[in-house]
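*Asks:* Pasting a structure here, questions to come.
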Amino acid sequence: MSSNKNMAYEFNFDGLVGPTHNYAGLSLGNVASTSNANLVARPKEAAKQGLQKMKALHDLGLKQGVIAPMERPDVATLRRLGFTGTDAQVIIKAAKQAPKVLAACSSASSMWTANACTMAPSSDTADEKVHFTPANLANKFHRSIEHETTGRILQAMFKDENHFVHHPALPMGDHFGDEGAANHTRFVDVNSEKGYGKKGLHFFVYGKYAFDASKPAPHKFPARQTFEASQAVARLHMLDSDNVVFAQQSPNVIDKGVFHNDVISVGNGNVLFAHQKAFLNQMQVYTDLERAFDGEEFHVVEVGANDVSVEDAVKSYLFNSQLVTLPDGNMAIIAPGECESVPAVKEYLDWLVEQDTPIKEVKIFDVKQSMQNGGGPACLRQRIVLNETEVSAMNQNVIMNDDLFATLNAWVEKHYRDTLTEDDLADPSLLNESRMALDELTKILNLGSVYPFQQV
Ligand SMILES: NCCC[C@H](NC(=O)CCC(=O)O)C(=O)O
């Protein structure tokens, strides 16, 4: 039944930062989030920093797309929590009675689209369709309210049922805590004829076992992803078990602030770039990957703890870089500006590009507004592999190009505030501003009515 499978590409779909971007200290275990609580946020600057990164990757010749943000404050959730009256009254009451709950319902956290879902390309699935499972993000209340709208947005982007399968998020609760692609990497021999369209190897990393208390787990901070959740996603996506490797993150590094695997390792093509302390049974993980990888050579570029400490990795977000294959076949690291200000990391990167590895270049981006909430370049993107037929079948308005970049910049300029504090969240006009912006955005991106306020 396989149609003539054509060339496939890896897209980076970045989250557009929403108009309510703020610092509310909502994520225990995420050091930047808790230590920058109450900082004055700059939503307009945040959204523009994100757009600059998208445009730059597009200019490098990479495929780039954009994912729309959520409607925030989330009035529907506030109503479920007992706040009543008009939408404005709901916000005013919540601000007075439960300001922290209002802040949680106002977070622009959907910008980190690495956590939006896990996807599997049609080359890897038994039914030869592209599969998506939105992440339930069960561990953090402010993120657990994202998945329904995320699912609607993904369906509005990838509608054609002949090619795209959309699963609901896994059941809520700690046992099936799922954080999406922040804990999932697909390796593939990009030098093969089919490029990203060759059958790939799915690497699922979890923080703990939910149904086996005898297994090691972190003590101080939560493990957000469970083994059972990763297994469920692999099942839903109909992956061949020969093409799947599961690995447990080191509980010690979770306790040092590594709340997702993409804070301590990143992979692309035939390369795993990882810190020496990333995994439990690290050597076994390398052996499993090397054995399961279908291709000429699998490279592990390991960063020693003596060169870069776990603390410096968390501070700089070295591993939250994007590792991309440029059109000339070389790989580049798309790193956050903070990598330049942590001396050990800067020194390491200067040294790395001189070595005989596939990684030849480092490109630095300023995403500081997102970084201050614990989101680096890799958190801001969801990787989606599509062949040419699937690219033609998807919503074309979400693909980045010079026109869309200009349109979205003007849209941000028109609708976003320069600054936002937690106190500003009590202002009901923020909701109206946000809805007006999103209503316009759904037209720009041709999404239809994906937001609750558009469905009444
Ligand atoms: N992949 C990066 C995710 C960062 C995100 N931060 C936040 O939600 C912080 C929001 C705040 O504290 O205002 C998180 O921890 O899930």
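The count begins at 1 with the first shown residue.
Just so you know, glycine gets a Cβ as well, placed from its N, Cα and C.
TrEMBL lists these features:
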ACT_SITE  E179  active site
ACT_SITE  H260  active site
ACT_SITE  C379  active site, nucleophile
BINDING   24-33, N115, 142-143, R224, D262, N373  substrate binding site
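Looking at the shown structure, what environment does each listed feature sit in?
*Replies:* Following the DSSP three-state reduction, the secondary structure of E179 (active site) is coil.
Non-local neighbourhood of H260 (active site): A114, N115, E179, A182, N183, R224, Q225, C379, each in the same chain, at least six residues away, with C-beta under 8 Å from its C-beta. In three-state terms derived from DSSP, H260 (active site) belongs to neither a helical nor a strand segment and is classed as coil.
According to DSSP, C379 (active site, nucleophile) sits in a coil region rather than a helix or strand. When other Cβ atoms within 10 Å of the Cβ of C379 (active site, nucleophile) are tallied across all protein chains shown, the result is 28.
Cβ environment of A24 (substrate binding site): A37, N38, K100, A103, A104, S106, S107, H142, E422 lie under 8 Å away, each six or more residues apart in the same chain.
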*Asks:* Is any of A32, N115, E179, C379 (recorded positions) within Cβ reach of ligand 1, i.e. under 6 A, and which?
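*Replies:* The qualifying recorded positions are N115, C379.
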*Asks:* Counting across all protein chains shown, how many other Cβ atoms sit within 10 Å of the Cβ of N30 (substrate binding site)?
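*Replies:* Around N30 (substrate binding site), other Cβ atoms within 10 Å: 23.
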*Asks:* What residues, ordered by sequence, lie under 8 A Cβ-to-Cβ from L28 (substrate binding site) and sit at least six positions away in the same chain?
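*Replies:* The list for L28 (substrate binding site) reads T34, F221, P222, given in order along the sequence.
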*Asks:* Tell me the Cβ neighbour count for R143 (substrate binding site), meaning other Cβ atoms within 10 Å of its Cβ, over all protein chains shown.
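*Replies:* Around R143 (substrate binding site), other Cβ atoms within 10 Å: 22.
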